[in-house]
Amino acid sequence: MAKPAKRVAVTGAAGQIGYSLLFRIANGDMLGKDQPVILQLLDLPQAQAAVKGVVMELEDCAFPLLAGVVVTDDPKVAFKDADVALLVGARPRSKGMERKDLLSANAEIFTVQGKALNEVASRDVKVLVVGNPANTNAYIAMKSAPDLPKKNFTAMLRLDHNRALSQLAAKSGKPVSSIEKLVVWGNHSPTMYPDFRVATAEGQDLTKLINDEEWNRNTFIPTVGKRGAAIIEARGLSSAASAANAAIDHVRDWVLGTNGKWVTMGIPSDGSYGIPEDIVYGVAVTCENGEYKRVEGLQIDAFSREKMDNTLNELLEERDGVQHLLG
């Protein structure tokens, strides 16, 4: 007996990340190889023709799991009964644009989308914000959807997590799949703090294997934090395939579970680790039965506290910059 189809809403569907994402979702990479999906694609009126072109390609793949596609410029149509919502579309920063202008332009978008989710999405909708500034955009959407549980709103730090894993694997000479107990704290921005103090590789203590605090502070942390900029510099375009891959990892783990492995998600704070309530902040979680659970009780040393507070202060500044727009 085939499972009933899940409705997956994707915003910014005509964009680069969307193009890398949609075919993999339709192929079952995100929700499982036995889970039919209906894609509900949102983009701006001027992007509708481009989205329709992507839909033609989706049709031409004849994916067995693709049970339907909706294309719209209306958030209430895109989010109708959505089980998963990937909020990829956001206003990019243009030349000469101040960060505060970027914040308010995105606050407008994510207020509208939060309200639409509140009105029409499934009450169990799993929301992942990819569009930057992701943590604050997730906070805005959450605050605009008072009838949905706060825990349904998450921001993507999985790209940072995966970037950190790959750097650690290269440095330690261990397979990337063998590294466990990594966490990336804070904001999806260069202030994030990738922390491998308790991480292991093939069961061995990773700090002992690497044994290079100078590398950690002066190479590893800045490399992970500035990787996005390095890709733009090299390619002339921002990272799209790796961002789409991280979004799929994030949702797959949230829905299907992590088998006890730690992953990083940006989630609304419950006050633990000194993070004020509701701030969407990257922490280590494990997932099972469609729910995430933060890893509690990690020891925070002085260096870590400083790094965690630094990224928190940036998030508080962003929150204060949009607070007046949230009614």
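Heads up, the Cβ atoms here are built off N, Cα and C, so glycines get one too.
Here is what Swiss-Prot records for this protein:
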- G12, A13, A14, G15, Q16, I17, G18, N106, Q113, V130, G131, N132: NAD(+) binding site (BINDING)
- R93, R99, N132, R163: substrate binding site (BINDING)
- H188: active site, proton acceptor (ACT_SITE)
Please identify which of R93, R163 has the densest Cβ environment, defined as other Cβ atoms within 10 Å, among these binding-site residues. R163
Identify which of the recorded positions R99, H188 has its Cβ surrounded by the largest number of other Cβ atoms within 10 Å, counting every protein chain shown. H188
Say you check the Cα of G18 (NAD(+) binding site) against those of the recorded positions R93, R99, N132, R163, H188; which is nearest? N132
Among Q16, Q113, N132, the most crowded of the binding-site residues [Cβ within 10 Å]: Q113
Between R99 (substrate binding site) and G12 (NAD(+) binding site), how far is it from one CA atom to the other, in Å? 21
Return one of helix, strand or coil for R93 (substrate binding site), based on DSSP. coil
Cα of A14 (NAD(+) binding site) to Cα of N132 (substrate binding site): how many Å, rounded? 17
G18 (NAD(+) binding site): tally of other CB atoms within 10 A of its CB: 25
Here the binding-site residues are G12, Q16, Q113, and the Cα closest to that of N132 (substrate binding site) is found at G12
Just the number: how many Å between the Cα atoms of R93 (substrate binding site) and G131 (NAD(+) binding site)? 11
I'd like the number of other C-beta atoms within 10 A of the C-beta of G131 (NAD(+) binding site), please. 24
According to DSSP, does Q113 (NAD(+) binding site) sit in a helix, a strand, or coil? helix
For G12 (NAD(+) binding site), what residues in its own chain, 6 or more apart in sequence, show a Cβ-Cβ distance under 8 Å? G18, L42, D43, L87, V88, G89, A90, G131
